[in-house]
Amino acid sequence: MPDIEKLHLEDALEDSPQTRNLLSVFEKDAFVLKKYTNSLQSCCQRIMTAQNELCAATQSLAQQLRAYEVHKFPLESENSILTSTLKQFASYIDDISSIHQVLASQFSETMMFPINKFMQADIEEISTMYEMYQISSQEHEQALLRYMKLSAKKKESEKVRSETNEELYTMRKKFHQTSLHYYSCLNALQYKRKCFLLEPVMGYLHAQRAFFQMGCDAVMKPEIDDFLGNINASVQSVHAELSAETQKTVELIESIEKQSAHLYHPEPPIDMPYIPPNTALSQKAGYLYQRSKQALIGSKWDRNYYFTQGGNLMSQSKDEFAGSLVLDLNENGIMAEIGEYDDRRFVFHIVSQSHKKTLIVLQAENDRDRAEWIAVINNLVRDSGYVRGGKTPPRSKVNQSTDSQSMPSPTSPSESKNTGNNGTMTKSTSSSSGLTATQGDNTLVLETPIQFDLASPTQDNKSMTTPLSGPPKRINPFDQSSVDVLDPAFDNAAYCQVFTVRFLGSMEVKADRGEGLVHDTIRQIMAARAIHNVFKMTESKLIISNEGMRLIDPSNNAVRVEFALQDISFWSAHPENERYFGFVTRTRMVGGTPKNSISFACHVFESNTTSEEICKSIGTATRMAFQA
């Protein structure tokens, strides 16, 4: 190969200064080459380490994608689309991980092996030969010095001269042989540097080319293109929905903040309009301070969450999972009134006139809140907290106006299934129903109370849902026996579907069927919730079976309400909001005249799934019950 400098082996024995100077140049070159090769090896080793880490990270990514379904997210269904999509991504990433492992193996063979061999077999050999050359040179110099010191006048013994001569011969031969090997290694290094430094880089490029070719074959498939296109479209759709939902959320937050402006001040300022207390309430919930006696301190006040349910006053602390009974308001002689305790404002107490003692002392946040609590408790005591004699207890009377803030009335007919009085299944549309949107205003009972919450799991709710077989019976919610909660007929039903729903409200209506009736009721209830700032919704499990319908409390699986299928006369989904639906039930009034012995109530819910699916399930259950 031209342009390659070499040491002349013929000059090795002579070891002239010129040869020594030329040798020092070769040695300096070898030293610089060793330093450069070490750096090059470090770079290649970094690539190899990074590739191994990439293989491990890719495998870990695929395993993590598969582990999504194992984590059991509370808000994620078991067989969701996201889970299956992540599994599909994991299979593709496994293929990519295999290709990365092949690339790592090729890096080891074509890049690391040549440079490691060059370092160990050639660069290290030069270092070893350098040390041996220095040792043999010193030994030769010492042997030559001893030989030259032999005396010319004194007659040395023949043995000494022979040994000295033989020693110089041995050292000179050793030096010559070491020099020849050392020179030849330095000369060969000039050739090896031109191949061993190129082989690792060439192996790296060959491995990368093979890697990209395998990657192209594995990834550039039509099915992957279709999969990524569908996922990309889905992601963009979710982004659009998120943007729209964010905008709605911002508007809703602004609306809630405006509606809640009067709630920020415990006592409204002078410039704020006066809001009178609503004394017609029969249900209320909120935080109150309760006074309790202590031996040393005298008394203390604890803040808890209080609410009325099924004719009872309940309380629940922030760290409790469920509420506990504070007071049964069905006893005679119970009354709530303003009281004065511990020099505190807005205090009221509940007293028992029959026993002439104070049952509980509570403190509200302001005078309006105290007045409403007193009114609610007294209303519940007056009406015994449950349906008595077929009359519903007075609840919050709401404005029945249909202004622009209310939910719009239905504009497009939707088809739903309902069961008639004889139990047969019929189809009902807005054109064939006798009570449609044109008559919807005449089917609503004006000034009717609206119930916004469910009592759980009392039988007073069952008063409007049990079959038309007699007066309802109330039981204590904390004395519910297993017979009241569990029913073998429900457990062994041939058809059963479970949905998650939230109760929006129910109100009395004049008729037992009609899409316009259900849609107008939904509009009225949503308008009332907006006017009265009612944001709380009771979430339940709706069980639909051929044995009946039940609302189950998800916290303890207790039955909140049970509906007999023969009393469900009509059901319909809202035409504009796919999550709203309602159904009409019939209830026989105890002690009523034949003309008004049956009343009708429409119950409105919001579902997690589409309301059409729930309506179809109700139709299937009633059809199977009728056939049975």
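Cβ atoms are placed via backbone N, Cα and C, with glycine included.
Curation does not apply to TrEMBL; its annotations are automatic.
Annotation source TrEMBL lists domain 'PH' at 281-382. Here TrEMBL flags 385-438, 454-475 as region 'Disordered'. The compositional bias 'Polar residues' annotation in TrEMBL covers 397-415, 456-468. TrEMBL lists 416-438 with the feature compositional bias 'Low complexity'. Under the heading domain 'PID', TrEMBL lists 499-627.
The DSSP breakdown of the domain 'PH' (281-382) into helical (H, G, I), extended (E, B) and coil residues amounts to 16 helix, 50 strand, 36 coil. Under DSSP, the residues of the domain 'PID' (499-627) split into helix, strand and coil as follows: 37 helix, 54 strand, 38 coil. When pLDDT values are averaged over the domain 'PID' (499-627), the model yields 86.
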